[in-house]
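Straight from TrEMBL, the features:
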ACT_SITE  CYS2  active site, for GATase activity
BINDING   ASP97  L-glutamine binding site
BINDING   LEU257, ILE302, SER377, GLY378  ATP binding site
DOMAIN    2-191  domain 'Glutamine amidotransferase type-2'
Amino acid sequence: MCGIWALFGSDECLSVQCTSAMKISHRGPDAFRFENVNGFNNCCFGFHRLAIVDQLHGMQPLRVKKFPYLWLCYNGEIYNFQALGKKFAFDYQTEMDGEVLLHLYQSFGVQKMASLLDGVFAFVLLDTANRKVFLGRDTYGVRPMFKLSTDNGFMAVSSEAKGLTDLSHAMPTNAKIIPFLPGHFETFDLKTTGKVELLECSSGRFHCCTQEPAHSLYDSAEVVSGFDEETVKRNIRVLFESAVRKRLMAQRRIGLLLCDKFNFIHLKYTVNGGLDSSLVAATLVKLAKEEKLTYRIQTFAIGAEDSPDAMAARKVAAHIGSEHHEISFTAEEGIRVAEDVILHLETYDITTVRASIGMYLVSKYIREKSESVVVFSGEGSDELTQGYIYFHKAPNPKAAAEESVRLLEELYLFDNLRADRTTAAHGLELRVPFLDHRFTSYFLSLPEEMRTPKNGVEKHLLRDSFKGLGLIPDEILWRRKEAFSDGMTSVKKSLYTSLQEHMEGQVNDAQLEKAHKTFAHNPPKTKEAYYYRQVFEKHFPGRAQWLPHYWMPRWIKATDPSARTLAIYTPDKEQDQ
């Protein structure tokens with residue numbers, strides 16, 4: 001997890017502009033560099049480093065003797081850099097995974113370069129010899145990137161939007177700041193003035209989630225053809241284990257968030273020992289032993305001591321033999337950090353803010369109280385494997401499959417945004433094996449009927465694929481999905497109820513009645529939502545369109561994004577009665 005920042009054609013003195021780069025310093029606490037581009041006094045790079053791979057030579061912007069005209073500033077991990085190096089006989093000068101981008105670009109151009117990268121990334125690549133600037137972002141937007149552009153050719157790029165909002169420019173109107181689209185690349189001509197011009201014919205999409213990735217040709221995980229049930233389940237296991245194995249690449253300690261989602265509902269917040277995180281944890285511990293890592297994998301859960309969720313997480317940790325940490329906090333603590341969370345998130349989406357409060361606090365604990373820096377989680381599984389409760393109401397398998405793709409393509413606006421910002425706020429690097437390119441493209445290629453909920457159970461195919469292996473306890477493997485941690489039985493009050501009660505004193509009735517006039521785009525309909533929007537506008541005035549729409553369930557009447565409010569949701573404790 002690093003912070004990248006770059007300017008091209010600045011209208012203001014760079015020494016003034018570079019102060020904006022410090023707004024993303026939390027992403028890279030280990031080192032910082034600010035460097036002008038030779039021959040272009042109004043172009044520069046800024047980089048905040050979190051040292052994970054090649055701690056000696058991994059500083060950026062990266063330049064190598066073989067290609068002195070190439071400058072690279074990138075945030076991410078490229079898991080197949082060694083395989084590509086062997087395949088194409090690249091002569092690496094560092095041990096940094098990102099160096100492969102320079103060699104791939106020089107050999108094949110930017111579009112093929114991006115398509116061959118197995119990993120997560122956001123990059124700015126400058127070719128001074130050909131006066132070209134290239135931008136690109138990974139398929140699911142696991143790594144963030146925002147772009148500022150003006151009509152006169154000034155362009156700036158930053159991992160987070162806050163690194164761009166205060167930049168000065170010569171145009172009389174506000175500069176356009178937008179999130180860079182995942183799975184896309186853009187090519188710009190670099191003028192002698194340092195200004196840039198987008199080349200429409202040399203930009204576009206290099207990969208989408210339903211396509212088998214180009215780099216699968218150089219992947220050692222073997223998939224057997226055929227859609228019979230046993231073959232499919234075997235392939236799911238092989239690809240999932242491969243996804244976790246390749247993400248062991250690190251020179252810093254690895255930990256795991258033992259949770260499926262940080263969707264907290266109770267006053268003593270919980271993170272459940274859920275399916276997705278448990279599968280990741282068990283596989284990670286197994287592979288760590290095979291790779292002979294010199295430390296135990298640390299797992300982290302948060303919740304009341306006697307809650308079913310916390311006990312489930314404890315049971316998983318005992319089963320896999322991890323070094324387990326449990327954290328608890330109060331509703332008051334959560335409410336106190338809400339504004340800081342919104343500032344880091346750069347969004348006012350209701351469910352994203354709610355879910356981020358706990359993840360922000362547990363990330364803070366990990367940074368302050370443990371040695372783990374690289375953190376695994378189960379992000380993406382619900383979207384990929386149709387894990388949300390409302391999938392039970394899909395009109396048909398085709399509609400469910402289409403919804404799954406839509407959710408994956410919007411992850412960068414919601415769950416991936418939450419997971420990145422809350423961990424990056426505390427200098428942690430997040431890894432998400434469920435969003436592995438080969439794993440997702442294979443799962444999405446399966447017959448639509450195989451992927452739907454079955455026998456009242458979400459993610460049935462995923463669960464069934466790991467049945468009988470003893471990887472995790474059976475009661476965890478088949479534990480039904482809880483809505484926002486309903487497994488907490490010691491306290492009944494929900495977090496969103498606590499938030500709503502608190503917001504009653506922060507927003508009055510008259511403000512809410514005029515919300516549609518005050519906030520024309522995505523007008524808030526509750527005082528809680530109004531408060532989030534107020535805080536967002538305080539820090540990012542006029543930027544509401546970064547969020548095209550609120551996250552809400554489909555195929556059912558819903559006034560709140562929490563599954564607990566849906567008519568189809570029944571907690572386990574009620575089902576058992």
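In case you wondered, yes, glycine gets a Cβ from its N, Cα and C as well.
Source: prediction; values computed, not measured.
Taking CA atoms as the reference points, the residue listed as 'active site, for GATase activity' and ASP97 (L-glutamine binding site) are 14 Å apart. There are 27 other Cβ atoms within 10 Å of the Cβ belonging to SER377 (ATP binding site).
The record assigns LEU257, ILE302, SER377, GLY378 to the ATP site; their largest pairwise CA distance measures 16 Å.
When pLDDT values are averaged over the domain 'Glutamine amidotransferase type-2' (2-191), the model yields 94. Rounded to a whole value, the Cα-Cα separation of ASP97 (L-glutamine binding site) and ILE302 (ATP binding site) is 33 Å.
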